[in-house]
Amino acid sequence: MGSNKRRALRRMESRRLAAAELGLNSDEEEEEVVAAHGGIEQIEEARAAGMPEPSNTPHAINEDHAMLDGAAHQQQQQQQQQQQQQQQQQQQQQQQQQQQQQRKRKAPLGPMSLCNDAFTHRIGQRAKQDWTREQRIDLLRELADLKADKSRLLRELSEANAHAQQQHQEASKYRNKYDALKGPYNDLLAKHRRVTGGAPQPLPQAQLQASQHQELPRPRHAPAPLSPRQQQHSRQLKQQRQGERQWEHQPGSVEGPHALIQLIERPDSSSAQPDGTASAQPLNIGSSSTRR
């Protein structure tokens with residue numbers, strides 16, 4: 001107790017000096033020092049008697065304030081930790097949502113993705129219920145069917161790719177042939193233009209139709225086809241022969257009723273036709289006059 005009194009007296013003296021320097025009332029300082037000293041005595045007496053410390057002393061009040069400050073500080077720390085945890089959870093949820101959106105964007109559109117979506121949808125619906133053995137078997141069967149569809153689609157896709165590659169190879173082959181024939185064709189066309197002085201003329205329509213309707217090839221021993229000029233000449237010869245035959249059989253060509261008519265056809269070199277055939281000249285024997 002002596003040490004506490006000495007400390008209280010020292011504080012009182014120091015406060016008096018400070019109050020004198022600052023111009024404060026010394027009575028107020030004495031009351032504060034006495035109150036503080038009395039509070040210390042009460043605390044020491046309560047401790048010696050084994051009783052709890054009084055709550056109205058300045059020391060107890062200070063301890064209460066310290067306890068309250070510590071509790072408030074702990075509560076603030078807990079609130080800050082909770083806020084940090086909530087922020088971390090929100091960040092994790094945002095990251096998961098972003099990853100799901102990226103996966104959806106990267107997922108290819110097609111039958112395979114539709115099958116996967118249908119499978120996940122069915123699993124999500126059935127996960128809410130209690131699965132039985134039959135339901136699990138049905139789910140496994142559906143999964144096997146989906147896998148079979150997936151393999152079938154992959155096989156069809158590979159076949160389509162192979163067919164497209166084959167067509168591309170054939171097209172490139174024909175393109176190479178065309179490029180190889182293009183040069184000689186251009187050379188022949190230029191040569192024809194130099195010789196004829198113009199572009200090649202198309203075939204007549206009649207000759208073109210005849211060539212289109214021709215089914216069998218012409219034999220080697222058959223004569224060559226006639227040109228339009230030769231065809232016209234042959235038609236004129238046929239008409240001339242028909243006129244001569246009509247004149248021979250015309251009545252009244254021989255004079256005299258009792259004349260003996262003998263028609264002798266003999267070839268004559270002088271009366272040869274342009275096509276190499278000899279014309280038949282009628283000879284009237286026993287007649288006074290012959291028709292020329």
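Placement of Cβ uses the backbone N, Cα and C atoms for every residue, glycine included.
So that you can see what the record holds, here are the features copied from TrEMBL:
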type     : residues : note
REGION   : 21-130   : region 'Disordered'
COMPBIAS : 74-101   : compositional bias 'Low complexity'
REGION   : 158-292  : region 'Disordered'
COMPBIAS : 159-169  : compositional bias 'Low complexity'
COMPBIAS : 170-180  : compositional bias 'Basic and acidic residues'
COMPBIAS : 204-214  : compositional bias 'Low complexity'
COMPBIAS : 229-240  : compositional bias 'Low complexity'
COMPBIAS : 269-292  : compositional bias 'Polar residues'
Secondary structure tally of the compositional bias 'Low complexity' (229-240) (DSSP, helix then strand then coil): 12 helix, 0 strand, 0 coil
Within-chain partners of the compositional bias 'Low complexity' (74-101) [C-beta distance under 8 Å, separation at least 6 from its ends]: none
Summary of DSSP states over the compositional bias 'Low complexity' (74-101), given as helix, strand and coil counts: 28 helix, 0 strand, 0 coil
